[in-house]
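Novice: One structure, as structure tokens, below. Some questions next.
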């Protein structure tokens, strides 16, 4: 082989290796992405089937139910427009309370409930997870817009 052909082969091999590494990294990142979906979006059928996503809002007052085993919990997440039942098996964060902000990551179950693999609670009195705050604000805006008749000129 000539020197020129060796250089071209080396450059081609390096580009192929870089391409394979880039494809593997993008595949790993794509599989770890969890979209945020509000309870209203889930009710409208916008939740991905068979893929993990995050759902957020407020824990509905009086909805927390603990099973006899002590680690299985069911609660309702609301964005003030729609509600979604969440099932979680594990220890809840210390700051988890009814009426407070929460974001849960998991998948939709066959029965239409959300099975969470992770539950995140708010940090302090003034904090609500950004996704939950946006969902609550959007839901309130939708319900306010639906209640008010639109002006015609």
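Glycine residues also receive a Cβ, built from the backbone N, Cα and C atoms like all the rest.
Okay, so Swiss-Prot annotates it like this:
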- 1-7: topological domain 'Cytoplasmic' (TOPO_DOM)
- 8-28: transmembrane segment (TRANSMEM)
- 29-153: topological domain 'Periplasmic' (TOPO_DOM)
- 123, 127: heme binding site (BINDING)
- 130-153: region 'Disordered' (REGION)
Novice: Could you give the number of helix, strand and coil residues in the topological domain 'Periplasmic' (29-153) as assigned by DSSP?
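Specialist: Output for the topological domain 'Periplasmic' (29-153) reads 27 helix, 42 strand, 56 coil.
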Novice: When DSSP states are grouped into helix, strand and coil, how many residues of the topological domain 'Cytoplasmic' (1-7) land in each?
Specialist: 5 helix, 0 strand, 2 coil
